[in-house]
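Asks: Below you'll find the structure I mean.
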Amino acid sequence: MLVLLAGIFVVHIATCIMLFVGTIANVWVVSDDRQGSVGLWKNCTIGGCDYVLSYASEDALKAVQAFMILSIIFSVISLVVFVFQLFTMEKGNRFFLSGATMLVCWLCIMVGVSIYTHHYASGYGTSYSKSHHGYSFILTWICFCFSFIIGVLYLVLRKK
């Protein structure tokens, strides 16, 4: 049981780190000729990054930014709640609060990445005629899967 708890804890920490990196890094869409990339915050080229996104004032991008920040916050809160419950909870109880918080994180990731996929993943608004998904976009979808698995495991896991 201790090994299972430790494994879940390590995967949860990895998910928090990947969410943070995926949200901050500006590699959500990459041009096919490797001349630049676009993220949630900046437009980067070989010469450096500037703060101007051609679609920065759109509400969809602001929603994606907000949901990704909320997902990081809920993931960290779930981790803190899990550690707190681990040391204060009676044996035989389940980690309902940490599981519910992690599922809210999962929901935030789902909404944020779905909006981004619908509006911007095809390279819309960028100056790149041909583009593909970057590692930040892929990391975020991996975090989507991990957060769901962790949330469900917390809900069914009993402290023995």
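Glycine is treated like the rest: Cβ placed from N, Cα and C.
Note that TrEMBL annotation is computational and uncurated.
Look at TrEMBL and you will find 7-30, 63-84, 96-117, 137-157 tagged as transmembrane segment.
Any idea what these are sitting next to in the structure?
Replies: Only residues 6 or more beyond the boundaries of the transmembrane segment (63-84), in the same chain, are considered here, and those with a CB under 8 A from a CB of the stretch are 9, 12-13, 15-16, 19-20, 22-23, 40-41, 95, 97-99, 101-102, 104-106, 108-109, 111-113, 115-116, 120, 140, 143, 147, 150-151, 154.
Taking Cβ pairs closer than 8 Å, the transmembrane segment (96-117) reaches residues 12, 19, 28, 40, 60, 63-64, 66-68, 70-71, 74-75, 77-79, 81-82, 85, 137, 140-141, 143-144, 147-148, 150-155, 157 in its own chain, all 6 or more past its ends.
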